[in-house]
Amino acid sequence: MASLSSALCYLYFLLIFFPIVGRCSRRKFETYHTINIRTLLPRNVCSSSEASRSLSPASIKVVHRHGPCSPLHLKQNPNHEQILDKDRSRVNAIHSRTATIPAHTGDSLGTGNYIVTIGFGSPKREQSVIFDTGSDLTWIQCEPCLSCYQQHEPIFDPSQSSTYANISCSSSYCSELDISGCTSSTCVYGVQYGDGSSTLGILSEDALTLTSSNVLPNFRFGCGKRNNGLFGEAAGLLGLGRKKVSVVSQAFQKFGSIFAYCLPSTSSSTGYLTFGGSSTSSNVKFTPMLTNPSMPTFYYLDLVAIHVGGRRLSISPTVFSKVGTIMDSGTVITRLPPVAYSSLRSAFRRLMSCYRSAQALSILDTCYDLTGYSKVRIPKVALQFGGGIATNLDTSGILYLANASQACLAFAGNSDAGDSGIIGNMQQKKFHVVYDVANKAIGFGPNGC
Ligand SMILES: *[C@@H]1O[C@H](CO)[C@@H](O)[C@H](O)[C@H]1NC(C)=O
Ligand SMILES: *[C@@H]1O[C@H](CO)[C@@H](O)[C@H](O)[C@H]1NC(C)=O
């Protein structure tokens with residue numbers, strides 16, 4: 001049954017599709033990935049990737065929050081609708097901040113999806129935190145808690161650390177915060193996230209251990225006394241944004257302002273986050289890192305075109321340049337300006353037309369039922385960035401698989417043509433993504449993890 005339908009599907013392509021798109025017979029190899037969809041589904045056990053690049057002095061393991069590699073063993077993982085609905089609230093928060101009417105500062109995003117485990121204090125206490133390029137301040141829950149949600153590891157207790165200190169209100173570090181206050185001359189911080197989560201506490205400094213041989217002394221972070229929200233048992237958040245308070249700025253002296261990561265293709269494999277290292281690795285291609293002065297936290301880049309099945313979609317580059325494109329580790333699904341998304345969707349649907357379509361999944365409106373196929377052919381998708389670089393997405397960044405009967409194109413359109421584009425973490429999967437802040441460049445290398 002399955003092989004018959006695959007054969008019919010193949011014939012369909014030879015007969016219908018080739019005359020339209022392909023002039024030369026090589027086209028079919030350039031057009032599709034042939035994959036076993038099981039490779040896109042997570043397994044029950046974690047297979048740790050040893051691929052962590054040795055380029056850099058400090059490499060930390062990155063895992064998906066949900067799934068067998070996560071140190072947080074949640075009693076119940078959210079379902080796909082919940083994950084995608086949360087993604088929508090994060091994107092709404094980004095768009096409300098990037099709107100021309102300035103939203104109030106300090107209002108941050110929803111929470112991201114990848115976890116790293118790092119050490120706070122002396123002796124160090126391991127804490128698993130969400131890593132997020134879309135926010136700046138790092139924070140963890142701290143004892144004594146006024147209100148803490150449940151977390152996996154014991155809550156950090158500053159009184160047990162010999163290197164801990166409060167930061168005073170008169171410090172310039174205090175005035176650099178988006179939201180700050182003062183209690184008995186100690187600096188108080190607050191962050192409100194777009195999904196309603198929040199943290200409030202004392203601005204502190206202590207040793208931050210990234211890897212056993214890489215310690216940042218006097219690292220500034222929030223000691224959260226009143227924390228509410230869906231952080232899913234993570235101890236807090238590691239802020240990799242561009243402002244002064246972020247770990248990237250604080251690590252500058254030790255590592256230079258360069259970091260890189262690889263997000264694993266499924267939640268049953270691992271990736272890495274590294275600080276420092278050289279950006280001149282051979283197969284990494286760079287595009288300019290852009291800045292939006294009204295959105296200083298975010299890393300922007302210049303998306304200029306999209307290729308589907310080896311062909312460039314006819315979308316005017318101004319569709320992208322008018323609104324800008326943010327690189328965000330915490331958004332799941334890439335958002336495109338409406339015109340660009342509908343062009344991508346129709347090209348993708350055309351090349352997938354031999355598969356049965358399936359019901360939409362939350363924000364994903366182009367889904368297929370792939371049950372019964374051992375191999376499927378999915379169109380290649382590449383994003384082209386300024387500087388003439390094209391990045392061929394991994395298959396795990398093209399389809400979002402709820403399961404074999406619901407496999408969806410992992411992109412969505414913005415509802416407003418004035419909203420910025422966002423490159424989400426699905427589309428970053430498996431790339432060695434380099435942020436060379438000093439040279440203002442973002443790089444993509446294939447097969448990072
Ligand atoms: C930090 O400030 C809090 C609140 O003012 C206070 O309770 C605590 O003792 C201070 N800790 C240190 C180490 O100074
Ligand atoms: C596939 O996933 C969708 C969305 O999570 C769900 O509604 C559906 O029941 C699942 N189907 C199977 C066969 O598991």
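Heads up, the Cβ atoms here are built off N, Cα and C, so glycines get one too.
Annotated features in TrEMBL:
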- Asp132: active site (ACT_SITE)
- Asp328: active site (ACT_SITE)
- 114-445: domain 'Peptidase A1' (DOMAIN)
- 1-22: signal peptide (SIGNAL)
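Separation of the C-alpha atoms of Asp328 (active site) and Asp132 (active site): 8 Å, rounded to the nearest whole number.
Under the DSSP three-state reduction, Asp132 (active site) is assigned to strand. Counting every protein chain shown, the number of other Cβ atoms lying within 10 Å of the Cβ of Asp328 (active site) is 25.
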